[in-house]
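Colleague: Below are the structure tokens for one structure; questions will follow.
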């Protein structure tokens, strides 16, 4: 582990101090905010870049949950329509996607609290032994969104039906799927949204450890 850390420190030389924001302009404010940013940064070969202009979609943060039943070796997936998957002109696949439970982190909220709340709102389940897995950037070339991924122990017998908030026009169907089946669907490309792919890969690598850890709790 010390060797790995040493290697990372040798590779990554730049920090926040090596990029300078020159200006920003709000282009649109709605469900999300769109800004135009101008910046410059240090170059690998030395010196400074020219002025770079980029549009950024400001989304903030989100939490996602690998809702896993260790006794049944099953994972809870939710299905809902996604306009981004419907809008792609070359896609002939259904825009109703199989996903992990997830939701946006509002100002003042903690990611772990959002994970627990969304589990109840989207799937009607209670989560215990919530464990932080990792946090990742979602397409940081043009989007500001940090996704916090958690794993949580659930009783899959609770998970059924259709859920979501009426005031947000949510229509979410709950599915209980064996872990190996969900992983196979991911490998076949049937589950193809980023955070679900990351989450199911993480679960495949760590499910045995979760089973042992939760058994002791």
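Backbone N, Cα and C define each Cβ position, glycine as well.
Reproduced below are the annotations present in Swiss-Prot:
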- 31, 32, 54, 55, 82, 104, 139, 140, 141, 145: substrate binding site (BINDING)
- 102, 122: Mg(2+) 1 binding site (BINDING)
- 118, 122, 170: Mg(2+) 3 binding site (BINDING)
- 118: Mg(2+) 2 binding site (BINDING)
- 103-124: motif 'Nudix box' (MOTIF)
Colleague: Going along the chain, which residues at least six beyond the ends of the motif 'Nudix box' (103-124) come within the CB cut-off of under 8 Å?
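Modeller: Distal contacts: 59-65, 67, 76, 78, 130, 132, 148, 150, 152, 154, 158-161, 163-165, 170, 172, 174.
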Colleague: In three-state terms from DSSP, label residue 139 (substrate binding site) for me.
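Modeller: SS state of residue 139 (substrate binding site) = coil.
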Colleague: Run through the Cβ atoms and count how many others sit within 10 Å of the one on residue 139 (substrate binding site).
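Modeller: I count 11 other Cβ atoms within 10 Å of it.
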Colleague: When the pLDDT values for the motif 'Nudix box' (103-124) are averaged, what is the result?
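Modeller: Here the predicted model's pLDDT, averaged over the motif 'Nudix box' (103-124), is 95.
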Colleague: Going by Cα-Cα distance, which of the binding-site residues (31, 102, 141) sits nearest to residue 170 (Mg(2+) 3 binding site)?
Modeller: 102
Colleague: Which of the binding-site residues 102, 118, 122 has its Cα closest in space to the Cα of residue 54 (substrate binding site)?
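Modeller: Comparing Cα positions, the closest of these binding-site residues turns out to be 102.
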Colleague: Which number gives the other C-beta atoms within 10 angstroms of the C-beta of residue 118 (Mg(2+) 3 binding site), all protein chains shown included?
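Modeller: Excluding its own Cβ, the number within 10 Å is 23.
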Colleague: Cα within 10 Å of residue 118 (Mg(2+) 3 binding site): which of the binding-site residues 31, 82, 102, 139, 141 qualify?
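Modeller: Hits: 102.
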